[in-house]
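See structure below.
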Amino acid sequence: MSILIDRPTSVSEGGSRPSLVSRLKPNVESLPTLAAVVIFVAMVVYGEVAYGRIVQFSTISNLLINNAYLIILAVGLTFVIVTGGVDLSVGAVIAISSLVGVMLANQGWNPIAVIIAMILIGSVFGTASGVLIQYFNVQPFIATLAMMFLARGLASMLSTTPERLADDSPIRLFSTEWKVIDGPKINDLVTTPNVVIAALVVLVAFLVLHRTRLGRTVYAIGGSESSALLMGLPVVRTKLAVYVISGTLAGLAAVVYTSKLGIAQNITGVGWELDAIAAVIIGGTLLTGGAGFVLGSVVGALVLGLMNVLITRDGGIPPEATTIITGAILLVFVLLQRLVVSRKRKT
Amino acid sequence: MAITEPIVEMEAISIEFPGVKALQNVNFRLFPGEVHTLMGENGAGKSTLIKALTGVYKIDSGTISVLGAPRAFSGTADAQSAGISTVYQEVNLCDNLSVGENVMLGHEIRGRFGINWKKTNEAAHDALVGLGLGDIDPRRPLSSISLALQQLVAISRAMVSRSRVLILDEPTSSLDANEVEGLFGVIRRLRDQGVAILFVSHFLDQVYAISDRLTVLRNGEYVGEYMTPELSRSDLISKMIGRDFSTLAALGSNRGRAVHATGKPFYSAKNLGRKGFIDPVDIDVHAGEVVGLAGLLGSGRTELGRLIYGADRPDTGEVRISDAITEVHSPIAGLSRKIAFSTENRRDEGIIGDLTVRENLVLAVQARRGWARPLSKREQGDLCEKYLVELNVRPADPERLIKNLSGGNQQKVLLGRWLATRPELIVLDEPTRGIDIGAKAEIQETIAALAGEGMSVVFISSELEEVVSLSERIVVMKDHRKIGEIVNGPDVTAETIVDLIATEGNVA
């Protein structure tokens, strides 16, 4: 029996360390993620050369502060998409969660209770999707679409006008700006608790995906659900868990977004699920499941955020073109993934 | 070996599916340190018995005890935690993960910060070393190693969960001879460590090479348990098919039949070909003649068969049927000229799994009549009755979904589908591939009988012996062209064809 060692391959994620050389050598699966990083860097360089004032504290701070909610959503969707599923409900969940949150806070609820309630609303919708998918054998697309309509409809029943959170509400403390480095004039490196929350979410998600059995089962399901089942892995529990995680993170994203804007409305978050899915795909996660990285999704979210910054800076590009550019970038990445998948088949 | 207590004991197991008794009073014992083969034709109940043991199917009566205690598992995972692991025919691993992860999934070694990958990979390495696979780096992606090695990785995985019982369901079907030898080395090693191994295979040679004990099933019934060395092959086959071996041995008498290749052929094609598909070929088929198409895989056998039927449109050539020039450029044209084609790709191009046996059977007849004139229930019933009995389809239940039949029986239904159109020429592409020996013999008999009744048959098979034993003339294909034609006779053997293919290769 011959053992063909055709190419040394590195362990991409969190594995024990082989030699430095093989670690630096990208493997096929991390290629789209690397490409996302390259594109991000290229956008930064182009922006700096063409418009200036990109590589500076205030721009970086704003990029993170403005996209904290998208990063959290993208992390949640990474779990779902790695299993081969999808969650379309997250945008609508943000609407209902933030509306309920603002209304409860204005009723004089304890802010901590309000925040917990907002997160739990997300968990409930996630659990409902998971139960529909796992126990009623509904396609993830359909189940989460139903949850999307439900959440959006409930939000519209609550209110169709913007609900304003009182400026002195403790919930708004999450968007307090902390000056980390005091730069010249207004060019300071600032951060907010929201950004810290997003960073913690990313860190925990990374550890869960790469260092727990739950995380590895998520990848195994994405690779082959029937194999995972036959291997005796807890497939049902895990698939339920990814939708709960995605819903819960949508609830958390609602907290982050509401605290930043101070306004909740029934039309908040329309299409954000698609932004988050785009971020995940651009970040190199295969839509068919089985491969992808949380950090890639973060880069994907930042690519989308930076694109908006560049379009604003340019001034000449009509804002309507934003979606076209997003679509184009997405298409490039999906084509890149096709290439990866076809190369994988050949090996 | 027989002194110890059995680790698994199944007594009087019965399972009934709607309308079928899948297992009736089957007994099975498995001892530690032995390889026990489960034998039976397709549909005899081997898979059902395995699924009963692992809890995938619920048993209707009988007892299953493991280590002397009665058990009823709720599924694969439950059986696995009791030390019973199963490795399936198709490798059930995740090829997006590394070799080590596949070995260790669900058993990763955890430290304070979650999974400790260093220790996990070491443990995977140890498990691989245990099977003599120490030179596979557990960090390599699973997709980078061969299918045979993946099979062994699946076995390593079973060993990590400290399995005392290992079920190998047709593990060798996609392996070559060397790989099978490697697998057997591993199996022997595990057996010597005291693991009880349940082995299922269609290949008699392999069964005799590896197993200590045999249990034979037939039609869901228990035939008996035997020590392998004490049971001759012909006895084993008779027990599996419940018939005398001489019926099978009588095959091969076909070539003594009168040669029909005189006079005007029923079907005659000159320069039949399709660009980029097959070079122009001349082929004649007489009434009552079996013409074999022989050649290696990818030699153009199937392509020629498809052109004859019109499944693919020929772009050169002249076809005469009963001496009249005609064109066969679509399946419907083929059908209306009384040509039928049974595909080699039974699952994708043959059966429609979610339709019943009856619906599958009447499909071609209905297609030829056109959908405006549906067959009445009675006509359908008559067709089913005739062909299910004639071809000995089991179970002979026209309302069963065809996907629930064994491969051999599906093939019989397909044959019935085409015979029901009353063709004068039938092209059979690999009608006996992947089906068990009994059904194979029946299909071979049927082919011989059809030719005897005057039907023209084009018979395609990769088993040269089969082609030689059934055909009167053999068209030999290579590299998408016809390289020769052999009139079958007493001194023609599989070797003759192999020689022709080999020498032609030197010329070209």
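Each Cβ is built from the backbone N, Cα and C atoms, and glycine gets one as well.
Positions annotated as transmembrane segment by TrEMBL: A:31-51, A:63-82, A:88-105, A:112-132, A:189-209, A:240-257, A:278-311, A:323-341.
For the transmembrane segment (A:112-132), the residues of the chain that approach it from at least six positions outside its boundaries are 87, 89, 93, 96-98, 100-101, 104-105, 138, 140, 143-144, 146-147, 150-151, 171, 239-255, 258, judged by C-beta separation under 8 angstroms. Below 8 A, the CB atoms of the transmembrane segment (A:88-105) and the transmembrane segment (A:240-257) form 3+ pairs separated by six or more positions in the chain. Highest Cβ pair count under 8 Å relative to the transmembrane segment (A:323-341), across stretches A:31-51, A:63-82, A:189-209, A:240-257: A:31-51.
Contact between the transmembrane segment (A:63-82) and the transmembrane segment (A:31-51) is not supported: fewer than 3 Cβ pairs lie under 8 Å, counting only residues 6 or more apart in sequence. Stretch with the largest number of CB pairs closer than 8 A to the transmembrane segment (A:278-311), among A:31-51, A:189-209, A:240-257: A:31-51.
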